[in-house]
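Q: When I checked TrEMBL for this same protein, it listed these features:
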type: DOMAIN; residues: 32-87; note: domain 'Acetyl-coenzyme A synthetase N-terminal'
type: DOMAIN; residues: 89-474; note: domain 'AMP-dependent synthetase/ligase'
type: BINDING; residues: ARG196, GLY197, GLY198, LYS199, THR316, SER531; note: CoA binding site
type: BINDING; residues: GLY392, GLU393, PRO394, ASP416, THR417, TRP418, TRP419, GLN420, THR421, ASP508, ARG523, ARG534; note: ATP binding site
type: DOMAIN; residues: 539-620; note: domain 'AMP-binding enzyme C-terminal'
type: BINDING; residues: VAL545, HIS547, VAL550; note: Mg(2+) binding site
type: MOD_RES; residues: LYS620; note: N6-acetyllysine
Amino acid sequence: MSTIESILNEARVFPPSDAFASKANIPSFQAYEALCAEAEQDYQKFWANRAREQIVWHKPFTQVLNDQKAPFFEWFGDGELNVSYNCLDRHLEKQGDKIAIIFESDDGEVIRTTYHDLHQRVCQLANALKSQNIRKGDRVVIYMPMRTEAVIAMQACARIGAIHSVVFGGFSAKSLHERIHDAGAVAVITADEQIRGGKRNPLKAIVDEALSKTDDISVRLVVIYQRTGADIEFNPARDVWWHELTKNASSQCEPEWVSAEHPLFTLYTSGSTGKPKGVQHSSAGYLLGTKVSMQWVFDYKPTDVFWCTADVGWITGHSYVAYGPLAMGATQVIFEGIPTYPHAGRFWEIIQKHQVTTFYTAPTAIRSLIKLGADLPEQFELSSLRLLGSVGEPINPEAWIWFYEKVGRSRCPIVDTWWQTETGSHTIAPMPGAVALKPGSCTFPLPGISAAVIDETGQDVENGKGGFLVIKKPFPSQVRTLWSDPERFRTTYFPDEICHGKYYLAGDSAYRDKEGYFWIMGRVDDVLNVSGHRLGTMEIESALVAHPLVAEAAVVGKPHEVKGESVIAFVVLKGQYPHGKEIEQIAHTLREWVAKEIGPIAKPDEVRFGENLPKTRSGKIMRRLLRTLAKGEEITQDISTLENPAILEQLKYPTK
Ligand code: WTA
């Protein structure tokens with residue numbers, strides 16, 4: 001409970017300035033409360049009104065919420081629309097020449113694309129995919145560098161009603177294979193290579209390896225975007241170059257009108273078992289969530305230059321790169337590289353160069369930039385900025401204050417946005433013209449989001465006490481199901497215990513202070529948050545035990561200054577307990593193995609060996625003891641149920 005105490009000690013409050021509030025979309029706390037009251041009175045009507053205002057419908061809906069098959073909720077079910085139409089076509093008449101994307105490559109090349117051009121390129125790819133018999137409902141895996149083309153690929157799928165599933169370019173062939181297989185994808189869109197921070201990553205070769213696993217007969221097309229011109233293996237039966245496929249394709253493509261509930265995409269995320277979950281989103285509800293949050297939380301203005309630094313491989317890059325900003329008709333920056341290449345001022349340089357007004361990034365990036373150059377922002381002209389945002393993990397007050405003072409020059413509010421792959425868009429976050437900020441708190445729920453903190457019996461806890469974070473009523477942008485696993489969807493998010501099958505269980509613990517502000521304390525399941533990325537401990541454990549040397553493994557998180565959490569693996573080998581040089585060699589082998597099995601982000605920082613793991617007499621691994629050991633703290637917990645106390649001494653020290 002020390003977390004709660006430190007929260008209680010955080011007394012600083014930052015009310016919106018008059019200058020900001022007077023121009024804000026939601027200009028006062030009363031205006032925020034009025035929206036909440038409207039939603040409170042009749043939440044279905046509230047969302048129906050928003051859906052009519054925000055979305056261009058091909059066929060208007062007459063039904064709002066269908067909860068007959070709860071928790072498999074449906075919103076606006078008999079309406080028809082096309083998400084790509086809502087992101088592109090609707091802007092053409094009034095602002096076809098507006099810049100949609102300012103793309104900056106790893107080495108600093110800048111390419112600007114107008115809405116008109118983006119529309120044409122999306123239509124061309126959509127037609128090209130159709131010419132290859134990709135149809136509505138087909139699954140297309142996208143494994144692309146962070147470039148305009150990644151967004152084009154996603155929008156082209158949306159245009160023809162194909163369901164995309166983007167896999168982050170840092171995932172291994174094995175992870176890619178698992179996702180292609182689970183989705184039953186018929187096509188993969190990729191690039192020859194990716195370049196980040198000057199380093200090349202052979203995406204096409206990884207796709208080839210993923211497809212060489214025997215059971216992927218479903219993939220019949222691989223579209224390759226030529227990024228570097230590197231040599232690749234070309235399989236004429238399956239492979240086709242993006243530029244050749246689109247060369248003669250028409251730049252007009254009638255959108256496929258789909259039902260509001262047609263799946264727009266699935267995105268795999270880690271859960272508490274070894275198998276990643278294919279989070280499935282709808283078309284209309286998802287689009288609506290991204291749009292209202294752009295206006296409420298990002299206070300979107302047509303003159304903004306919006307920059308969300310997330311890769312499209314994560315939900316943040318879906319909602320606030322590929323969909324939300326385009327749905328608003330915004331100008332946005334897309335950056336291919338990393339914050340520290342070729343120098344640690346790259347982010348600040350990009351803000352200065354492109355006159356960014358809204359800058360949205362992750363605490364882990366902020367912390368690493370503080371470490372590499374706390375004074376660097378001062379060397380850049382950042383006066384274009386008016387709003388900052390944070391996402392992915394709790395932001396520690398020190399990082400918040402630095403971000404506020406050094407980057408925002410004490411002028412720009414910071415929106416700390418709590419949400420998840422499953423919620424599709426912001427759920428608890430401040431409206432910056434309305435809410436006084438407290439560093440480290442994501443403040444209050446968005447209107448229409450009935451967030452609450454409950455105990456294990458399902459009762460609301462009083463302010464000041466920690467508990468499970470839930471959302472009590474359905475809302476349009478929430479996850480619809482898990483691809484090919486509806487039962488897991490129900491038991492994970494609407495469990496009978498705690499939620500009585502009725503509330504959405506977020507998987508985080510949270511706390512509200514005496515003024516009702518929400519503070520997120522971290523995951524309550526076996527999910528780690530490493531540099532803002534979700535990793536399942538079970539996933540890493542399964543990877544480790546798949547190595548021929550390993551008999552047993554347990555993985556826990558340890559607080560880390562920059563990454564938030566780091567991965568610590570406790571391993572029992574099949575052979576002898578290792579000695580001397582062997583320790584470092586095997587640890588190295590296992591770290592590389594995990595990188596290959598899952599991806600470099602999952603690599604354990606430390607591997608510790610033992611002859612056994614701490615277990616109860618019934619054989620259950622006592623993870624809380626491992627977490628204490630990982631932190632290097634003394635064990636003060638009750639260990640009377642521990643079968644083998646002697647093992648603790650062995651696991652105490654990092655094997656360096
Ligand atoms: C954590 C990312 C505290 C949380 C959009 C959640 C946060 C998980 C915040 C979802 C925040 C995200 N403050 N914690 N502002 N934002 N989290 O699915 O544990 O990659 O459950 O979605 O990240 O991660 P995901």
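Cβ coordinates come from backbone N, Cα and C, glycine included.
No curator has checked TrEMBL annotations; they are predicted automatically.
Bear in mind that the values here come from a model prediction, so they are computed numbers and not experimental data.
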Q: Can you go through the binding-site residues ARG196, LYS199, THR316, GLY392, THR417, THR421 and pick out those with a C-beta less than 6 angstroms from ligand 1?
A: THR316, GLY392, THR417, THR421
Q: Which of the three DSSP states, helix, strand or coil, fits LYS199 (CoA binding site)?
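A: The three-state answer is strand.
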Q: So among ARG196, GLY198, THR316, VAL545, HIS547, all listed as binding-site residues, which is physically nearest to ARG523 (ATP binding site)? Use the C-alpha atoms.
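A: Its closest listed neighbour, by Cα, is THR316.
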Q: Tell me which residues of the chain lie with their Cβ under 8 angstroms from that of PRO394 (ATP binding site), as long as they are six or more apart in sequence?
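A: For PRO394 (ATP binding site), the qualifying residues are PRO363, GLY440, TRP519, ILE520, MET521, GLY522, GLY564.
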Q: Below 8 Å Cβ to Cβ and six or more residues apart, same chain only. Which residues does that give for THR316 (CoA binding site)?
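A: Looking at Cβ-Cβ distances below 8 Å from THR316 (CoA binding site), excluding near sequence neighbours, one finds CYS308, ALA310, TYR360, VAL391, GLY392.
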Q: Look at the recorded positions ARG196, LYS620 and tell me which residue has the greatest number of other C-beta atoms within 10 angstroms of its C-beta.
A: ARG196
Q: Taking DSSP as the reference, which of helix, strand or coil describes TRP419 (ATP binding site)?
A: coil
Q: Here are the binding-site residues: LYS199, ARG523, HIS547. Which has the lowest count of other Cβ atoms within 10 Å?
A: LYS199
Q: Per DSSP, to which secondary structure element type does THR316 (CoA binding site) belong, with helix, strand and coil as the options?
A: helix
Q: List the other residues in this chain whose Cβ sits within 8 Å of the Cβ centroid of the Mg(2+) site residues VAL545, HIS547, VAL550, in sequence order.
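A: Those within range, site residues removed, are ALA543, LEU544, ALA546, PRO548, LEU549, ALA551, GLU552, ALA553, VAL571, LEU590, TRP593.
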